[in-house]
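**Student:** From Swiss-Prot, here are the annotated features:
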type	residues	note
DOMAIN	5-242	domain 'ABC transporter 1'
BINDING	Gly37, Glu38, Asn39, Gly40, Ala41, Gly42, Lys43, Ser44	ATP binding site
DOMAIN	241-498	domain 'ABC transporter 2'
Amino acid sequence: MTSLISVKRLNKSFPGVRALHEVQFELMAGEVHALMGENGAGKSTLMKILAGVYTRDSGEILYDGQPVEFLSPRDAQAVGVGIIHQELQLMNHLTVAQNIFIGREPRGRLGLLLDEDRLNAQAAAILARMHVSLDPRAVVGALTVARQQMVEIAKALSFDSRVLIMDEPTSALNDAEIAELFRIIRELKSRGVGIVYISHKMDELKQIADRVTVMRDGEYVATVAARDTSVEAIIGMMVGRTLTDIAPSHSVADQGEIALEVRNLNAGPLVRDVSFALRKGEILGFAGLMGAGRTEVARAVFGADPVESGEIVVNGARATIRTPSDAVAHGIGYLSEDRKRFGLATGMDVESNIVMSNLRKFLSLNFFLRRAQIRRTASHFISLLGIRTPSATQAVRLLSGGNQQKIVIAKWLERDCDVLFFDEPTRGIDVGAKNEIYKLLRSLAGEGKAVVMISSELPEILRMSDRVIVMCEGRITGELSAAEATQERIMHLATRRETLKTAA
């Protein structure tokens, strides 16, 4: 195979942070090369340098054997390097074709009017090459995330990309959508396109990757054949340490007092007659397929979505919760599945994010901020949760996903919430950070906190939950103890309503 990209002794630093040190990487034509590492390992920085988002400090990049310097994404696109970010870069109000050729739309003879027929025809041709059935005239905002991702791939291919960088491409996809994405990746691979595949999902490696390069703490560790290397070996290279397993402790949960009881809750089409109890010291797992209503239940209890009927009882007393402020006043915290949108102020620093939900506590004379007290509080939680940051004044956006998630947790711990909803707490974070989050959740339960964990990863649900509640199409279809819960039983309950509907 021909070498498309070769990186040698690459270095990159930001203020106070050494992001890359003497990194090497090679991508061959027609291969899927997985890039693995904990959050903060330097994967994203390396890919952004290859895509022209960042410039290197030193080192060498060869493209087709020739030295190159990408000063902007346009430079990278011009030679055929495309990147598909985890957060899709699309304009929802524009059509599929307009997004694919944005800024390069074909014009009429005078160059003034958009030639929509030619635009749609060119977009259709690219989609046909991918064997994707998608109307070029469809508005992107009306598409599923999976279909939007196909638009991003088509957009990259419109530049005749020979190198395609995919950052966590399956994070928001279901199994059928992942299978379709893999089909397209294999099609591109057969045409000689080199694909850099960044993911934290180990099970995907054996399915799609040819080789794996592992990074740790901004440095190159190893490149291995995916087929010949065990998942355990890759994890060991990623973290540089042995991950201790976290076993549920069921005795406390069985004996704990009821902290939260939800009775016959109705809130929109995805919360229908939902009832459950949550005990102090317990981790209650919520499982189900996408669209089952798990997030909607959490949002309704937290006051983020309106409740039509039902009761919410906190510590034995009926609670009136119409807004998130009401929920917080009753000691309920909610960590959203979209931490960047709903959990963090990414333009602010670490200490401001930690105290922001309880800012009144840090006011003097209801006006002046007690900066020293804020600094002490932030330092306490940075130490308690093991948040890796150069300082409490570091901008949150510069931290890894795992550390950002810990900051959101710190925010609710500072409010001293007794009931905590964790919605997809490990989404988009690496295996080492996941293990730290697991330890933290178990520690919180050990202190008597009542924890709800919503997760789409069944191994995570089975590993962490004292009990498992399963939902399908807005209703609870079953409850399993930790001893009873298996992937097969959970999936049976998660598809029960679909099965009944099909049988009918």
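Here the Cβ of each residue, glycine as well, is placed from N, Cα and C on the backbone.
The shown structure was predicted, so the numbers you read here are calculated from the model rather than taken from an experiment.
Have a look at these and tell me how they're positioned relative to everything else.
**Tutor:** Cβ-based neighbour count (10 Å, all protein chains) for Glu38 (ATP binding site) stands at 27.
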**Student:** Let me check the 10 A CB neighbour count of Ser44 (ATP binding site). How many other CB atoms are there?
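**Tutor:** Cβ-Cβ neighbours of Ser44 (ATP binding site) within 10 Å number 22.
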**Student:** If you average the pLDDT over the domain 'ABC transporter 1' (5-242), what number do you get?
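**Tutor:** Averaging the confidence scores along the domain 'ABC transporter 1' (5-242) gives 88.
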**Student:** Using a 10 Å cut-off on Cβ-Cβ distances across all protein chains shown, tell me which of the binding-site residues (Gly37, Ala41, Gly42, Lys43) has the largest neighbour count.
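**Tutor:** Of Gly37, Ala41, Gly42, Lys43, the one with the most crowded Cβ is Gly37.
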**Student:** Helix, strand or coil by DSSP: which one applies to Ala41 (ATP binding site)?
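**Tutor:** For Ala41 (ATP binding site) - judged by DSSP and reduced to three states - the answer is coil.
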